[in-house]
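Taken straight from Swiss-Prot:
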BINDING   Asp34, Asp86, Glu158, Glu160  Mg(2+) 1 binding site
BINDING   Arg47, Arg70, Glu158, Gly231, Asp233  DNA binding site
BINDING   Asp179, Asp181, Asp233  Mg(2+) 2 binding site
COMPBIAS  96-113  compositional bias 'Basic and acidic residues'
REGION    1-104  region 'N-domain'
REGION    96-118  region 'Disordered'
REGION    122-253  region 'I-domain'
REGION    336-344  region 'Interaction with PCNA'
REGION    351-381  region 'Disordered'
Amino acid sequence: MGIHGLAKLIADVAPSAIRENDIKSYFGRKVAIDASMSIYQFLIAVRQGAEVLQNEEGETTSHLMGMFYRTIRMVENGIKPVYVFDGKPPQLKSGELAKRTERRSEAEKHLQEAQEAGEEANIEKFSKRLVKVTQQHTDECKKLLMLMGIPYVEAPGEAEASCATLVKAGKVYAAATEDMDCLTFGSPVLMRHLTASEAKKLPIQEFHLNRVLQDLGLTWEQFVDLCILLGCDYCESIRGIGPKRAVELIKQHKTIEEIIQHIDTKKYPLPENWLHKEAQKLFLEPDVINPDDVELKWTEPNEEELVQFMCGEKQFNEERIRNGVKRLSKSRQGSTQGRLDDFFKVTGSITSAKRKEPETKGSAKKKAKTNSATAKFKKGK
């Protein structure tokens with residue numbers, strides 16, 4: 001879910017924080033991409049009618065086609081993508097995950113009814129609501145990225161939080177995800193619609209946290225409290241308090257704790273066992289990768305192993321895959337003359353750490369610690 005209604009609220013009260021750009025304007029930029037969100041989008045969008053793409057064995061392949069071609073499109077436009085995969089979800093998210101399971105169960109019932117009635121539109125709608133990213137989808141996308149020469153990292157917790165950390169440390173220009181809580185985790189720049197279908201013709205939206213805070217007149221900590229009031233994945237919100245009222249209350253009382261002391265709790269009853277303090281801590285001090293240990297490398301695609309995996313195992317058309325590899329190699333050669341501040345260094349390993357501010361610009365350039373083993377990006381053989 002992310003943060004309920006945050007994008008609209010920013011558009012209404014802090015419109016100067018949003019910029020719209022064409023994908024070509026990001027030539028030479030490194031971008032950290034929320035991998036799970038991208039895979040979810042591919043499973044929904046890359047379809048034949050209501051059905052996901054499958055090979056002859058009945059294995060889903062929509063995620064691989066989406067990841068392959070959308071990544072090539074980014075590279076052709078000079079973007080250097082870095083995919084960030086989710087780790088273990090925080091305990092606070094268990095309630096939200098349970099709700100999602102319940103919604104999928106409800107969608108399954110509606111799908112069965114639609115199939116019995118032959119309602120094609122509803123069949124497609126409810127089929128998409130059943131989509132869930134599995135470990136197999138994730139593992140296959142990691143293998144694909146490795147063979148394409150595209151770096152990825154594995155976050156210890158929420159991918160959005162580690163994406164935000166990479167932006168704050170200067171490792172990448174922006175975090176790309178549809179989840180607005182990446183701003184709540186402190187990402188200076190958030191990009192939406194980067195991995196959207198080209199056919200949708202959606203401009204890429206940039207949200208700039210410093211302008212959001214400036215226009216709202218809030219500190220980051222107050223912004224976190226505002227996001228909790230709007231509704232997040234980690235705790236309930238106060239029923240009856242909408243976005244504009246939430247902004248007014250934060251501006252007037254500064255903290256959720258003070259708001260609780262002053263609002264009429266009969267009119268605005270607090271959630272039972274409200275875990276707002278735990279949610280605050282999770283946003284302000286999430287479990288993230290240590291940016292000092294992150295070194296990224298963009299390498300040549302391994303054409304033969306890509307063909308073996310995508311065509312031999314997953315039964316994609318060999319000519320199309322080879323053409324895709326040629327496009328990728330050609331684009332990589334053309335993008336070496338990018339922005340001066342944007343070049344991938346040697347590969348390294350990633351360690352889990354609580355988020356911390358980089359002490360100096362130089363600290364983000366330290367060599368990767370080879371004894372860290374949480375996650376690694378490896379070059380294809």
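Placed from the backbone N, Cα and C atoms, the Cβ positions cover glycine too.
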Local confidence of the prediction over the region 'N-domain' (1-104), expressed as mean pLDDT: 85
Whole-number Å value for how far Glu158 (Mg(2+) 1 binding site) lies from Gly231 (DNA binding site) (Cα to Cα): 17
Binding-site residues clustered about Asp233 (DNA binding site) [Cα within 10 Å; pool: Asp86, Glu160, Asp181]: Asp181
Under 8 Å by Cβ from Glu158 (Mg(2+) 1 binding site), same chain, sequence gap 6 or more: Asp86, Gly87, Pro89, Pro90, Phe185, Pro286
Counts by DSSP class (helix H/G/I, strand E/B, coil) across the region 'I-domain' (122-253): 69 helix, 15 strand, 48 coil
For Arg70 (DNA binding site), the three-state class that DSSP assigns: helix
Cα separation, Arg70 (DNA binding site) to Asp181 (Mg(2+) 2 binding site) (Å, whole number): 23
DSSP three-state assignment (helix, strand or coil) for Asp86 (Mg(2+) 1 binding site): coil
Mg(2+) 1 site, defined by Asp34, Asp86, Glu158, Glu160: further same-chain residues with Cβ within 8 Å of the Cβ centre: Ser36, Met37, Val84, Ala155, Gly157, Ala159, Ala161, Ser162, Cys163, Thr177, Asp179, Cys182
For Glu160 (Mg(2+) 1 binding site), nearby residues of its own chain (Cβ under 8 Å, 6 or more apart in sequence): Asp34, Ala175, Thr177, Asp179, Asp181, Cys182, Phe185, Ser187
Site with most surrounding Cβ atoms, counting all protein chains shown within 10 Å, from the binding-site residues Asp34, Asp86, Asp179, Asp181, Asp233: Asp34
